[in-house]
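Some notes on the structure that comes next.
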Amino acid sequence: MGKNITVLGAGAWGTAFGQVLADAGNTVTMWAKEQQIVEGIRDHHHNAVRLPSVEKLPDNMTATGDRAEAVKNADIVVVAIAAQFARVALVEFKGLIPDHAIVVSLMKGIERGTNKRMDEVVRESLDLPADRFAAISGPNLSKEIADRHPAATVVACTNLDNATKVAEACTTSYFKPFVTTDVIGLEMCGSLKNVTALAVGMARGAGYGENTAAMIETRGLAELTALGVAAGADPKTFFGLAGVGDLIATCGSSLSRNYTFGANLGKGLTVEEATKVSNGVAEGVPTTDAVVALGDQLDVPTPLAYQMSRVLNEGISCSEMLAGLFGHEVTGE
């Protein structure tokens, strides 16, 4: 039997995932602050602002801008808000979400200033026990999922039964979720790969080819794995869908906002100029400095994140970034 599911945030990924949930037979309520988006989904089953490629969203999707109305009957609440605004947005829902509801994060990022993962931010904001929090991450480019191309993802929750409930609620003929209890690993994968995607995109935009991209991706994977394991993650997670899988998708597609943002930097645009031409948030941009700070906190070197931080804050070029990344000393891989 279908569930009542609320999605907080009607951006491209939130809307595409809402469609997955509706296709799986659930009753889906989208919550958004923008009245134009609310009216578009509610009255016309169309999100012309964030997901115009889908001409008609399912009939069992609706929308509201009222927080209490959005979540009052929810069995599952999905959070698809820009990571750096999650805490501010979620405190407005504290006390409104039913006690039995599972809260699921689609967000990927490390909070600036606190260096906290999204599971920590969500649980603190809503005063939520660990067994009622789940995260979803994987090679999930929103436009391809909106077009119903076959895809898989990973659902993580410390309570495997609740992870399974969430997975069952988003299983369709084209969308296959797997389950794990490694919340930390899933969160770290989703956050840190965005920094790698920025760097790969920058290299591509600057005209470098496959060798350079592969070099950055593999060193990025090593960096995010070391950081994740230091934070308490299972190393196996980094070699599955949420790790290598997401890295491949994000670092190799113009559909990735992080890759595209990096490519624009590589072509010579400033951070401000690249931001202006982006449709939506490239989460890797605010996450980069937080990753460097987290590495310092955990005593784990983060050379790629550090060099990308220099790109974003000092405006160094792609060639300078790559030179700084590898240095001149011979080291073990």
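Yeah, the Cβs are placed from backbone N, Cα and C, and that goes for glycine too.
Features as listed in Swiss-Prot:
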- Trp13, Lys33, Lys108, Ser142, Arg257, Val281, Glu283: NADPH binding site (BINDING)
- Lys108, Gly138, Lys193, Asp246, Ser256, Arg257, Asn258: sn-glycerol 3-phosphate binding site (BINDING)
- Lys193: active site, proton acceptor (ACT_SITE)
May I ask for the distance between Val281 (NADPH binding site) and Asn258 (sn-glycerol 3-phosphate binding site), taken between their Cα atoms and rounded to an integer number of Å?
8
Please name the residue among the binding-site residues Lys108, Lys193, Arg257 whose C-beta has the most neighbouring C-beta atoms within 10 angstroms.
Lys193
Binding-site residues compared (Asp246, Glu283) - highest count of Cβ atoms within 10 Å:
Asp246
Taking only the Cα atoms, work out how far Ser142 (NADPH binding site) lies from Ser256 (sn-glycerol 3-phosphate binding site), in Å, as a whole number.
9
Give me the non-local Cβ neighbours of Asn258 (sn-glycerol 3-phosphate binding site): same chain, 6+ apart in sequence, Cβ-Cβ under 8 Å, ordered along the sequence.
Asn194, Ala197, Leu198, Gly201, Thr250, Ala282, Glu283, Gly284, Val285
Expressed to the nearest Å, what is the distance separating Asp246 (sn-glycerol 3-phosphate binding site) and Arg257 (NADPH binding site) at their Cα atoms?
13
Using C-alpha atoms, which one of the binding-site residues Gly138, Lys193, Ser256 comes nearest to Lys33 (NADPH binding site)?
Ser256
Ser142 (NADPH binding site) has how many other Cβ neighbours within 10 Å of its own Cβ?
24
Within the chain of Ser256 (sn-glycerol 3-phosphate binding site), which residues six or more apart in sequence place their C-beta under 8 angstroms from its C-beta?
Leu141, Ala197, Gly201, Ala249, Thr250
Quick check: in three-state DSSP terms, what is Gly138 (sn-glycerol 3-phosphate binding site)?
coil
Among all protein chains shown, how many Cβ atoms are found within 10 Å of the Cβ of Val281 (NADPH binding site), not counting that one?
19
Using all protein chains in view, find how many other C-beta atoms are within 10 Å of the C-beta of Gly138 (sn-glycerol 3-phosphate binding site).
23
Could you give the Cα-Cα distance between Lys108 (NADPH binding site) and Gly138 (sn-glycerol 3-phosphate binding site), in whole Å?
10
Distance, Gly138 (sn-glycerol 3-phosphate binding site) to Trp13 (NADPH binding site) (CA atoms, angstrom):
12
